[in-house]
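The next block holds one structure in the form of C-alpha cells; read it before the comments.
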Amino acid sequence: EWDRWLLMGLIGVAVGMLGFLTHQLIDCLTRLKWDLVENYLQVSKRTNLFYEGNFHMTWICVLGSGLAMILVSSSSVLFFCPAGSASGLPEIIGYLNDTSMQHLFNIKTFLGTFVSCVLGVASGLFCGPEGPMIHLGAIMGCGLSQLQSDTLGIRLPFVTRFRNSADKKNFITAGAGAGIASVLRAPVGGLLFTLEEVSSSWDIRLAWQTFFCCLMATFTTDLLSSSFYGLVYRGHFGFLEVERRILFWDLLDMSVLAFIPTILLGVLGGLLGALFVSLNLKINKLRIQFFNSIPKSSLRKTSKLLETSQMLNLSCKLSVTLKHMRTNAVHNFVNIVFCISFCPAAAALLAENGKQGITYLFKRGTPGEFGYASLCTALAFYFILSCWTAGSAVASGLVIPVLYTGALYGRIIGLILVSIFGIQTNEYGAWIDPGLFAAIGAASFFSGVSRLTISLTVIMVSMFS
C-alpha cells in the first residue's frame, strides 16, 4: 500500500500549493484594485473618515476593474468549461453516487474553474473560494491518481492498478477533502466534511488516507504562506505564526450563562438558513426558466454573462452611493466599505473578499466598533446578494458568505446583550461580548444552510485554536 499512501501525500501537497496560490492571487488582485481606487478618494488624516472624493471616478474605477474580472470569470465557465460553473460540489457528490457526468475532471475544467474562482472572488462579488477549491482538489485527486488525460493525449505507464472506478473515487474523495482543508486550515474538518457531505462509501483505511492527504494539504499551505505575502517573499520560511496559521485568531472565554443566547442563535440560524436555501432555490428556478426560454445557445450564454455583470454593478452602486450619504444611520457602514486601504481597524463590513470583514466582526473587546444600523444594513445587503450570487455563472463558494452573514446577526445579538447588561470588565462577565456571539452566529448560520453538524464544529474549532 506504500504507493497509495505516496499518492495521497502528493495529492495533498499539490492541493496545498494550489490553495496557497489561489489565496495569494485573490489578495494581490484585491489590493491592486483598491490601490487604483485610492487615487480618487480623499481621506481626513485626523478622523480617518472619507469626507470628499470624485464620486464618478470612484464608481468607474470600482465598477470597471471589477467588471473586467467578472467578465473573464464568467466567460471562462460559460464558453471555455461549462462543467466548472457554480461551486462544483453538487457535481462531485453526484459523480461519487454513480451519476455519469462528462468533462467534470478534465484539464479544461480545472483551468476554467481556477480562473473563474480567483477573478470572481477578487472582483467583489459576495462569494468565496471554498466550493471551487473542493472541485479543484477532486480534479487533482483524479488526475494524479490516474496519470492520464484524454484532452492532452497522455497515458503514463505508472500506478495502473488504480485505474478502476473504486480507487478513482477514493482519490477524488481525498482530493475534495484536501481542498476544503487547505482553504480553511482544518485537516480534521476536511476529513469529517468528506465523511458527512461528500463520500458515498467509507472504510477505516480510506479515513486514515484522507486525513493524511488533508494534513499534507494544510501543512503545505501554511508552510508556503509563512514566507510569502502577496506573492512577495518575506524571508520567514517555516515560521508558522499563530495569527497567520489560524484564520480568525482570538481567545474565546465562555460562561455557562452564554448558552442561553447561544440557543437563541441556534434557532435563528436554523430559521434564516432555511430561508436562505428556500430563497436560493426559488431564484435558481426562475433563473433556469428564464434562460431556457431563450432559444439560441449563444444568446443564452450572453444573458448569463450579463446577469453576473449586473450583480457586480449593483454591489458597486450600493457601496459607492452609500459612501456619499451623510446620515448617521449608514455612517459606520459607509466608512468601513471604503477604508480598506487606509484604516485597517475600520475595514470590516463588506470587505472585498469577506474574510477580513469576518475577522473584525469576530474581534473581542470592541463593543462600540459597529452600531445597529451598520450591522443591519450590511446584513440585508449581504444576505440578498450572496443568495442571488449562489448558482450564477461564476465558480464560487458559500462558506465565507454564510460565515459573514451569521457573524453579522450574531454581533447584533451581542450588542443587544451589551445594551442590557452594559460593558463588562471583570473576567466573569467578559463573555458578554459581541465578537464572541458573532463567532457563534457564524457557526449557526453555516449549519442552518449546509445541515452540517460534527464536521462544522471541528472546522470552527480549527479556525480558533
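A Cβ is built for glycine as well, from the same backbone N, Cα and C atoms used for every other residue.
Annotation source TrEMBL lists transmembrane segment at 5-26 (among others).
Residues annotated as transmembrane segment in TrEMBL: 57-83 (among others). Sequence-distant contacts of the transmembrane segment (57-83), counting only residues of its own chain at least 6 positions beyond either end whose CB sits under 8 Å from a CB of the stretch, comprise 29, 32-33, 36-37, 39-41, 91, 101-104, 106, 108-109, 111-113, 115-120, 122-125, 301, 304-305, 308-309, 311-313, 315-317, 319-320, 323, 392-395.
Long-range contacts of the transmembrane segment (104-126) within the same chain: residues 18, 22, 25-26, 29-30, 33, 62, 65-67, 69-70, 72-74, 76-77, 80-81, 83-84, 88, 91-92, 95, 132-133, 135-136, 138-140, 142-143, 149-152, 172, 308, 311-312, 315-316, 352-354, 382, 385-386, 389, 394-397, 401, each at least 6 residues beyond the stretch ends and with a Cβ under 8 Å from a Cβ of the stretch. Residues or ranges marked as transmembrane segment in TrEMBL: 104-126 (among others).
For 171-194 (among others), the entry in TrEMBL reads transmembrane segment.
The feature transmembrane segment is assigned by TrEMBL to 206-231 (among others).
Among the features that TrEMBL reports, transmembrane segment is placed at 251-277 (among others). For the transmembrane segment (251-277), same-chain residues at least 6 beyond its ends with a Cβ under 8 Å from one of its own Cβ atoms are 364, 383, 387, 402, 405-406, 409-410, 413, 417, 427-431, 436-437, 439-441, 443-450, 464.
What TrEMBL lists as transmembrane segment is 333-351 (among others).
The transmembrane segment annotation in TrEMBL covers 371-390 (among others).
The transmembrane segment feature in TrEMBL is assigned to 402-423 (among others).
TrEMBL lists 435-461 (among others) with the feature transmembrane segment.
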Original post:
With pairs closer than 6 in sequence left out, are the transmembrane segment (206-231) and the transmembrane segment (435-461) joined by 3 or more CB pairs under 8 Å?
Top reply: no
